[in-house]
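Enquirer: Would you mind keeping the following structure in view while I ask a few things?
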Amino acid sequence: MSATEGKVVVSSKTPCRVCGVSYRILGSLIKHAWSHVEEPQSVCGVCGQRFESVDELKGHIRNYQKTHDCSYCGKSFLTITGLHSHTTLHTGNRPFTCDVCNKTFAYLSSLSYHCNVCGKCLYDLRSLTRHKTTHSGERRYGCEICGKRFKLLGTLKSHEKIHTTRDRPYLCDICCKTFLSNCGLTAHMKTHSGERPFICIICSKGFISNGELKAHMRVHTGEAPYGCSECGRYFKRKTHLNNHVRSHLGIKLFVCGVCGKACSRQEHLTVHMRTHNGERPYQCSVCDKAFTQSHCLKTHMKSHQGDDKPFLNAPSS
């Protein structure tokens with residue numbers, strides 16, 4: 001077992017001693033163990049120990065969750081390593097320096113897995129090795145259908161599937177949605193189970209995939225690695241860059257089936273469709289007036305300034 005940036009990670013997946021579901025992160029297994037505390041066998045899902053009562057079992061599991069509290073903001077962490085990682089946000093301490101590019105880091109792992117060409121931080125050696133190929137400029141792998149070239153064979157294979165979009169062999173048996181890969185189906189299934197095994201070491205928010213966690217970490221680090229070659233603007237997510245690039249190219253992929261209006265982003269089409277279906281999901285709790293977009297509701301709420309009533313949380317557009 002090892003501690004990495006506050007996440008206690010076991011060398012291989014460890015199964016729950018009650019139901020057999022496996023986890024690599026100890027915190028996720030402990031959190032899962034609480035789902036079995038009311039079951040008649042009174043067995044700890046972490047270690048398999050049996051107890052005489054539910055209260056004894058609950059007390060036992062709480063011992064796994066003794067926390068370390070931040071003296072600056074009071075936030076709690078499962079491990080002392082997680083607390084130390086979080087504390088650097090308050091102190092600004094960056095003791096690790098790269099002797100090639102002179103960039104400084106708060107964590108040793110960030111130093112170990114950063115690119116000394118562009119400074120980007122990766123999460124493991126494999127990701128760093130793959131990333132460094134982007135600086136070589138060589139695109140050895142070509143698509144036989146459209147001719148587009150790629151630096152990585154895996155990227156080519158993923159690309160080739162867009163030419164055979166009808167072939168989506170992985171089926172969700174709950175909602176019947178289909179996927180190109182088993183990986184995509186596995187990630188999707190977590191939306192049904194509620195499982196979020198990938199935990200942010202800074203704010204403890206959970207995610208259904210490691211990719212989502214990596215993207216979320218940029219909220220804390222401020223990293224925006226995806227740059228537009230046209231205007232120089234940078235983005236935290238590649239999908240955001242892709243959407244932005246379409247605005248330069250005038251590409252509008254999302255078309256309204258009612259009037260034919262084309263939009264560059266799915267969320268823009270969603271808002272547009274409300275002009276046809278009459279949906280107004282953002283409702284004022286003071287006067288019951290409803291709006292198609294959240295910013296319209298926020299502007300409207302200013303007319304009620306001084307009223308103590310809180311307004312409703314509306315779904316995101």
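Count begins at 1; order follows the chain as displayed.
A Cβ is built for glycine as well, from the same backbone N, Cα and C atoms used for every other residue.
Per TrEMBL, domain 'C2H2-type' is recorded for 68-95, 96-114, 113-140, 141-168, 170-197, 198-225, 226-253, 254-281, 282-309.
Context for these features, please: burial, neighbours, distances.
Expert: Averaged over the domain 'C2H2-type' (113-140), the predicted model reaches a pLDDT of 69.
Tertiary neighbourhood of the domain 'C2H2-type' (170-197): same-chain residues 23-25, 28, 161, 206-209, selected by CB-CB distance under 8 Å and a gap of 6+ residues from either end.
Helix, strand and coil residue tallies for the domain 'C2H2-type' (226-253), in that order: 12 helix, 4 strand, 12 coil [DSSP].
Residues in the domain 'C2H2-type' (254-281) partition by DSSP class (helix H, G, I; strand E, B; coil) as 12 helix, 4 strand, 12 coil.
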Enquirer: Looking only at the domain 'C2H2-type' (68-95), how are its residues distributed among DSSP helix, strand and coil?
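Expert: The domain 'C2H2-type' (68-95) comes out at 12 helix, 4 strand, 12 coil.
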